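Engineer: Not my notes, these are from TrEMBL:
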- A:12-30: transmembrane segment (TRANSMEM)
- A:37-55: transmembrane segment (TRANSMEM)
- A:61-83: transmembrane segment (TRANSMEM)
- A:95-116: transmembrane segment (TRANSMEM)
- A:136-159: transmembrane segment (TRANSMEM)
- A:188-209: transmembrane segment (TRANSMEM)
- A:215-234: transmembrane segment (TRANSMEM)
Amino acid sequence: MDLVIQLLLNGIVNGSHYALLGLGFGLIFATTRIVHFAFGSIFTFGAYVAWFVSGYMGAPIFLGLAAGVVVAMGLGVASYVGLYQPLERRGVSPLIPLIASLGLTIVLENLVGIIFGTGARTIDAETSIHFLGPAFFTSIHVWQVVSFLLVCVLLYLFVNYTRYGKAIMAMTDDPEMARVIGIDTARVSILVFALGSALSAIAALLVTLKDGASTHMGFTAVFMGFVAVIVGGVGSLRGAIAGGFLLGLVESLGLWKISTEWQSSIAFIVLFLMILLRPHGLFSLARR
Amino acid sequence: MTGPILETRGLSAGYGKKKAVQGIDLRLAHGETLLVLGHNGAGKTTLMRAIFGLLKPMSGEVFYDGHAITGRIPARNVAEGIAFVPQGHGIFPSLTVRDNLELGGFVDADTAKKKKRIEEIYGMFPILRDRAGQIAGTFSGGQKQMLAIGMALMHGPRVLILDEPSIGLAPNLVGRVMESIAEIKARFDASVIVVEQNIKYSLPIADRVMVLKTGGVIYEGDPAPLNDHARLVELF
């Protein structure tokens, strides 16, 4: 029983991380319909920039976070304006931006290695350990959950109560109708690329504090974000949250009966089962 | 105010390299209702999309209130008073009626004005008030069309373009939609282009008619001659 409680706790922490990635990836995907796989490389960039500022230069963690967020937002916006938008204007098939995104992923990942080196990087941060009955958690775990909850509240308020939040809602529902009612869809796309990339940088800093950063960390991030979105239902931010949590809990609780070497396969199994049993996802109709 | 509010000169548009409409000269006078008729594939929708900015014209020009707006993005056209109701109910199906109406007025940041406008639209279509919290996708075809028209009116357009508002509606509802178009003209002082295939219901509200066939204009003028069945058969 002690093990189950610990796994459940780990599941909530991992679920918060995956849900945050799902929100970032899903915000971009649902609004623009662009499968932005370079989200993973931008996540890596955010982690390394945060490490450079806080780990290498020794600046406070919040400055590392701010730097990571700013660079990630810049890269996100640049990837839309410099790559996807010109393709959109040419009216190419959705497959072309997908291929372009994979190319951009490789370029950015190599750029991280060239700029920061290819070795693993860690940030020394004071970490306290807490106990909840027989289970333990660290202050970084708390930050992962708290950051996720904070992002959820802010995003909810933004989407439901601001003009541009409603524009995101409209584009998610029907991009052509969004243009018909006078929404500048290019501007909204830039906004969601900036927001989604900022979320990736927040998740990146927290995971770097916990596990350190490596140049290939982006693949797992984008994959988990992608699975969270597919499981939750494309177009639903609530779905991305539910998908992320489901993934985190199943992955963690799976270890109760399955050997740890199978842990990385659990996300694939969840994805396959979801595609087979409920292809539209958990929240396919609920857009918010 | 003597010039047309909306005009196209030699407008050609299409998809890929194929032109769906060619060299169209269209004039919409202030306060006028222009009915654009034609069979499927005549190029009616392509023409309207090119005027509104959803489709980049291949050649020719579009003028709004005397200014060239050719190829301008819809966001700017909407902000300056052109509204478009696309074919097949231009609504956001996953959102509530109220959300749809609010989004219809997206270009207008003035919330007090928006609230007033929503009340006006509720006055025209009371069912929208009764079902303000309902998800719009669950509406019937006629209700969706009313909502789509209501959304288009949210920013107080000077030109309203309706693409086949009667499509898929029962005859009694077609009559109601056409009545509402006449009411809109009076209430909002708007000039209207109605694209239609339903001649019987749409002809009575038209001030002038333009008939398209295979991408070109085959008739333009008074609606009265089209009441003559023989003349219609000759045209179509």
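Glycine is treated like the rest: Cβ placed from N, Cα and C.
Describe the structural surroundings of these features, if you would.
Structural biologist: Taking Cβ pairs closer than 8 Å, the transmembrane segment (A:95-116) reaches residues 34-38, 40-42, 44-45, 48, 51-52, 75, 79, 83-84, 87-88, 215-216, 218, 222 in its own chain, all 6 or more past its ends.
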Engineer: Which one, A:12-30, A:37-55, A:188-209, A:215-234, has the most C-beta pairs under 8 Å toward the transmembrane segment (A:61-83)?
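Structural biologist: Ranked by Cβ pairs under 8 Å, first place goes to A:188-209.
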Engineer: Compare A:12-30, A:37-55, A:215-234 by their Cβ pairs under 8 Å to the transmembrane segment (A:136-159) and return the stretch that comes out on top.
Structural biologist: A:12-30
